[in-house]
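Below: the structure, in structure tokens.
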There are 2 protein chains.
Amino acid sequence: MTTARIRDFLRTRRPEGPCLVVDLDVVRNNYTAFRHALPDSAIYYAVKANPEPEILKLLASLGSNFDCASVAEIQMALAAGATAERISFGNTIKKERDIARAFELGVGLFAVDSHEEVEKVARAAPGARVFCRVLTDGEGAEWPLSRKFGCVPQMAVDVLVYAHQLGLESYGVSFHVGSQMTKVDAWDSALADAKRVFAQLAKQGIFLQMVNMGGGFPTRYLRDIPSAEEYGKAIFASLRKHFGNNLPKTIIEPGRGMVGNAGVIKAEVVLVSKKSDNDEHRWVFLDIGKFGGLAETMDEAIRYPIRTERDGDDMEPCVIAGPTCDSADVLYEKNMYPLPITLTVGDEVLIEGTGAYTTTYSAVAFNGFDPLKAYVI
Amino acid sequence: MTTARIRDFLRTRRPEGPCLVVDLDVVRNNYTAFRHALPDSAIYYAVKANPEPEILKLLASLGSNFDCASVAEIQMALAAGATAERISFGNTIKKERDIARAFELGVGLFAVDSHEEVEKVARAAPGARVFCRVLTDGEGAEWPLSRKFGCVPQMAVDVLVYAHQLGLESYGVSFHVGSQMTKVDAWDSALADAKRVFAQLAKQGIFLQMVNMGGGFPTRYLRDIPSAEEYGKAIFASLRKHFGNNLPKTIIEPGRGMVGNAGVIKAEVVLVSKKSDNDEHRWVFLDIGKFGGLAETMDEAIRYPIRTERDGDDMEPCVIAGPTCDSADVLYEKNMYPLPITLTVGDEVLIEGTGAYTTTYSAVAFNGFDPLKAYVI
């Protein structure tokens, strides 16, 4: 996954310290693959996955819309050239003053999952479109979503009726099958729920128009994943199955699936050691860890491919840890990671599939270490 | 724990957004308490706990030394008025160029826990003092340390002999009983290990001088903790027990114990909702979460006291979560947190005991949210 362009950049620029390098050609290819896989769905890039300005500019120029989690992200999408009608304020937890600010900026589409949030939107963005997030089980995702977002389908009906009563446009429902979802049929039961919400509201004279099918599209880490085309086929089949010929407008919100495989982190081996003479396993310490951008290794959830210049040599499992004085800053320990026996202090390692959810997770200055730098090429 | 000075600051300044307020009077009192509890130990403040310049300046003026995890932290300690001989480079995982830079800056005391690290120090800081970190079990700590740092005592002997052979001054041993350690006798078995390392090296003509007893001193969260005086008595008794009348120089490295109770985070309730009509528990969403500075709620390890203006009202357990679109951004769910039933959107909450390990853990810009601001008063 380290492209020739990334290899060239690292070889010629030799950036100091750990850094992420993102190849825009890969982002463009991913956008095109989603476009072809789900030609009737609007793509709303999940800005939180990686908000680097060059990425947002490229996607804006390709016609992407943007799913934003905060006013700051909305401002970034606007600065990248997106118009306000191409932006969704997709966070269900918003301060009323942030809703008002987004509305002032022209944003007219808001996520809700509770009566209280509907009231805030009705006050701060009168007449705006809202979609209600429905809870799904998220089974099958490597980075599972909790119950944090959404409400049960029956409550979603009540929430959307309430929005209608308060003068908002009850526009649709959303769900999220869970990040890094590797089952192509995961969208099916959520679409069945969505259809039921549509039907119940129609009985009350409220006609929803849109299903926001969220993100969840995976990046290839160590295991193969289905292609965008396979997801597209399965999702379209479920839409037909549940909505028949009366298909709603649909939105997808790829984040990881759009940029994950476009980025590679260059890091350095700081120390290779053992804890005792008869320790069976080496500890390999890198200059990046959980607090420097690799937060998704929490509970060893995401297992990134790691490449070294010694990959032809014999491998042995080892513990991999970060450079901080924090004992929680260990990447892989329960499930040790095979690395070349010859790996030594000063060696460069490439951590692949790190284009999403790395730079922005990085701590401000934990232990005095700089946050992860990014280069977009 | 919210002092009158902090209350006054919040009332008069009304800072926008979540923020940490640190009361320097509390830091001064903590320093004095450690000074009295362990009058013969040198205090090395663990800068990583909170590196705000005003805190470092105060501690430098009081005569504190500094335990630094990186060159950036060393530079901050120097900028605060500490001289280089009052600084320890306490991270066992250092790039050789960072050791060289620290040595150039005048630092002459380095932590090691492996032969490889000794070689780096010998090359980059010839003749410097080193202490070897010994693995302890960390039993009893709320924020347990893993095996990440240190080596077994027998290997520490070899590491210190090797350091001597390479021309370094083998100066002592260190250990860390685990952060937020609430058992005052936790230092005893580690001191026994330290004494054995002293004795084995003495047989080889190498006479260690110093025991770095690390940090681990707790902050009072919801449960009472022993006083600094109680820790001092227990530790001194263990020193006498193991070293007799030939007491070594000792160092302590309080971080959490120095600043934890000096800080309070002011946050705001963004949403209170349920997931279904018959949901038994409310979800309370704050404008700060795991990625905005409360990383130590990971696995619900640290349970902060939370105060509201409605604390006299009836309480019910609820889930507390942060404001980001990340499903992992939930603070307390497995072990729900009692908050007033009347708590509502817009209410201010005070999260106490947050002076340590908050601002620097904060993510750069996750979901576009600003990192945690700090005010030191």
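Think of each number as a place in line: the chain as shown, counted from 1.
From the backbone N, Cα and C atoms, a Cβ is placed for every residue, glycine too.
These numbers come from a predicted model, not from an experiment.
Features reported for this protein in TrEMBL:
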type: ACT_SITE; residues: B:C325; note: active site, proton donor
type: DOMAIN; residues: B:26-259; note: domain 'Orn/DAP/Arg decarboxylase 2 N-terminal'
type: MOD_RES; residues: B:K48; note: N6-(pyridoxal phosphate)lysine
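When pLDDT values are averaged over the domain 'Orn/DAP/Arg decarboxylase 2 N-terminal' (B:26-259), the model yields 94. Cβ environment of B:C325 (active site, proton donor): B:N367 lie under 8 Å away, each six or more residues apart in the same chain. Non-local neighbourhood of B:K48 (N6-(pyridoxal phosphate)lysine): B:A69, B:E73, B:G255, B:Y357, B:T360, each in the same chain, at least six residues away, with C-beta under 8 Å from its C-beta.
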